[in-house]
């Protein structure tokens, strides 16, 4: 095959999907004569077509002009001369400013990048593609084999797609479906841009073969359309090799019938799910649905659902680009290894945002027998309440019951909020989950759940472009209850603009703040607990979330710098604000962890470069020192819990979090931790005038118990909240008797002496 033609076919096949190309400086396709790129006069597309309409794609035989008219370039008025330069000196034989013949792939990519620079047009993806697995397959010899070449070579992929050699293992293993290649597969090459893109950049069409059951000689070639939307789209193209389901909707897997648990009760409720065999159906990491499908009805034997995989938005224009650009390199077949360089995908799959899904998959594979059984077991493994309750515990896409939660417990809600915080409907009414099985605009619920996917935070995963909500102004809704006669005003907090970290702030600010308690009017101080919610680190960082006692100062000391990380005020710590500056400046950025820990929870290394930049010399951090501070932080919260228990207020880590100590033993007994026994009489501790301060102490405990990094985010704010809460709840007076209050808990056997010692070491002998 002509190498010139291969390059000619590939010229415009680099990342042409995302934005209008008006402004590239090219002549339009209608033939307006002027000066084109390269400074040579243009002649218009009509003149080009006169000669080049006879030039065909060397593999499909289709006219390159026909292909070009299907391209994004054509639809946006970017003519032939927009890429090749003016043709006035060409006339079929003369020079072109930007010819393709004889040009290297690097030269062609550079020409594309003259527009695809990320400003005029989407950034060229050529560098990512060149370094990815498609251009550098694990086994180059696979491209030379007749069957394997279908998905492991440039020519085989195009020939196979045209011949309808596409589908599950039943098709690919059937000799009757295999095409007769017009050339020896030994001559085939690895994939290029033109493998997936026609001349001009349009996506290639893929075909498959179907037949009518029981009807002889009914086999026919039809468009491959597994998402059944009658559109030649990205899902069709990518799944022609990375197959997810058949044309009839059958899930790809081992070919076995899977038994899926559908009940939270042990040993009851299963559903049979038929799978069609993938060609590579004996290794889980070669079968895409093992990580890219969530069984709708699956449950665990405790509570909540199981999320077995990512849910692809099949009917969007670029569902694969929701997470993948042109890098095509995930390295997720196992968690680590010298031959598996780290990737964002490897990080995310082990992160809390990803529900630690990959860890569940790898663990299941390690326990499974080999072959098809491995595929089956890994397909059924997933995130559960044990590892990812924030994603699995409720049916978050059920708008009627969980609409208010969708902003932070679904990617759909998160992306919609970050796109337009001011216009976001906090009831969830504006969120559409039609990509989830069974969810419609009328029933508004599905049994599938989302994790925090790439597109929740990013607009373009391939370039890493983040959504841009701007500085967050959070309106914490007032507490109102007709049943208790409670009324409350909204509390508005304006947070600073911290660039990329604004994205993190969207979900790490809490649902209520301490000032919500102060804004309540209640006649008797008997009402439900005001819940801060979980992981409110952003609010702690800026000192806004806690219940602050009157007469006490909570201002940061002058030397406090954590809220300035990732800004110009803290050179060398990045430019994307404190959240990204601390949690994403590590070799494993999308684990979102600034440290590593061993199996006991002890910190083994501080990996965030921001920590090292600031904490040097006398103030250098060590893993041992940071572990000790974390343990003392936890101990101080145990002391606060004990002090609350001394007043009959028991903490238990389940909503509504505080319960009555009916037997006065200071322990949250099973019969006490039920919703009907929730603690509500806040005025009963120190009288109606002080009910808010009593609830405030409980609020601060709940707030910081659910911020496990509170000792690092803003240790001054955290220490002051804990100190003041213990100080007040002990005797109803702010008199700095915290040491005595902690010792009293030991005397009452609500706290052991070792924990008390650690708590006092953390808080000190005077108010922090």
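Quick reminder: no glycine exception, Cβ is built from N, Cα and C everywhere.
Applying an 8 A CB threshold to same-chain residues 6+ apart, the list for residue 48 (heme c 1 binding site) reads 79, 80, 81, 87. Residues or ranges marked as heme c 1 binding site in Swiss-Prot: 48, 51, 52.
What Swiss-Prot lists as heme c 2 binding site is 80, 83, 84. Under 8 Å, Cβ to Cβ, and six or more positions away along its own chain, residue 84 (heme c 2 binding site) finds 96, 97, 98, 99, 100.
Under the DSSP three-state reduction, residue 116 (heme c 3 binding site) is assigned to coil, being neither helix nor strand. According to Swiss-Prot, the feature heme c 3 binding site maps to 112, 115, 116.
Residue 151 (heme c 4 binding site) falls within a helix when secondary structure is assigned with DSSP. With a cut-off of 8 Å between CB atoms and residues at least 6 apart in sequence, the same chain places 157, 160, 240, 241 near residue 151 (heme c 4 binding site), listed in sequence order. Look at Swiss-Prot and you will find 148, 151, 152 tagged as heme c 4 binding site.
When secondary structure is read from DSSP and collapsed to three states, residue 196 (heme c 5 binding site) falls in the helix class. The annotation heme c 5 binding site is assigned in Swiss-Prot to 193, 196, 197.
When other Cβ atoms within 10 Å of the Cβ of residue 241 (heme c 6 binding site) are tallied across all protein chains shown, the result is 17. The heme c 6 binding site annotation in Swiss-Prot covers 238, 241, 242.
The Cβ of residue 320 (heme c 7 binding site) lies under 8 Å from the Cβ of 234, 235, 238, 312, each of which sits 6+ residues away along the same chain. According to Swiss-Prot, the feature heme c 7 binding site maps to 320, 323, 324.
The annotation heme c 8 binding site is assigned in Swiss-Prot to 405, 408, 409. Secondary structure at residue 409 (heme c 8 binding site), as computed by DSSP, is helix.
Same-chain residues at least 6 positions away in sequence with a Cβ under 8 Å from that of residue 458 (heme c 9 binding site) are, in sequence order, 464, 465, 466, 467. Under the heading heme c 9 binding site, Swiss-Prot lists 454, 457, 458.
With a cut-off of 8 Å between CB atoms and residues at least 6 apart in sequence, the same chain places 407, 408, 414, 535 near residue 507 (heme c 10 binding site), listed in sequence order. Residue 507 (heme c 10 binding site) carries neither a helix nor a strand DSSP state and counts as coil. What Swiss-Prot records for 504, 507, 508 is heme c 10 binding site.
All protein chains included, residue 579 (heme c 11 binding site) registers 24 other Cβ atoms within 10 Å of its own Cβ. Mapped onto three states, the DSSP output places residue 579 (heme c 11 binding site) in helix. Sequence annotations record features per position, and here Swiss-Prot assigns heme c 11 binding site to 579, 582, 583.
If you look up Swiss-Prot, you'll see 611, 614, 615 marked as heme c 12 binding site. Around the Cβ of residue 615 (heme c 12 binding site), the same chain contributes 621, each under 8 angstroms and 6 or more positions distant in sequence.
The N-palmitoyl cysteine annotation in Swiss-Prot covers 24.
Summarising the annotation, Swiss-Prot assigns S-diacylglycerol cysteine to 24.
Marked as signal peptide by Swiss-Prot on the basis of sequence analysis: 1-23.
Across the fold, the C-alpha of residue 583 (heme c 11 binding site) and the C-alpha of residue 611 (heme c 12 binding site) stand 10 Å from each other. The two recorded residues, residue 582 (heme c 11 binding site) and residue 611 (heme c 12 binding site), show a Cα separation of 7 Å.
With every protein chain in view, the residue among the binding-site residues 83, 193, 196 whose Cβ has the most Cβ partners within 10 Å turns out to be 193.
The separation of residue 51 (heme c 1 binding site) from residue 614 (heme c 12 binding site), Cα to Cα, is 66 Å. Look at residue 454 (heme c 9 binding site): DSSP puts it in a helix. If you draw a 10 Å sphere around the CB of residue 116 (heme c 3 binding site), it holds 23 other CB atoms from the protein chains shown. Under DSSP, residue 84 (heme c 2 binding site) is assigned to a helix (H, G or I) in the three-state scheme. Within 10 Å of residue 83 (heme c 2 binding site), as judged by C-alpha distances, the binding-site residues found are 112, 115; the full candidate list was 112, 115, 611.
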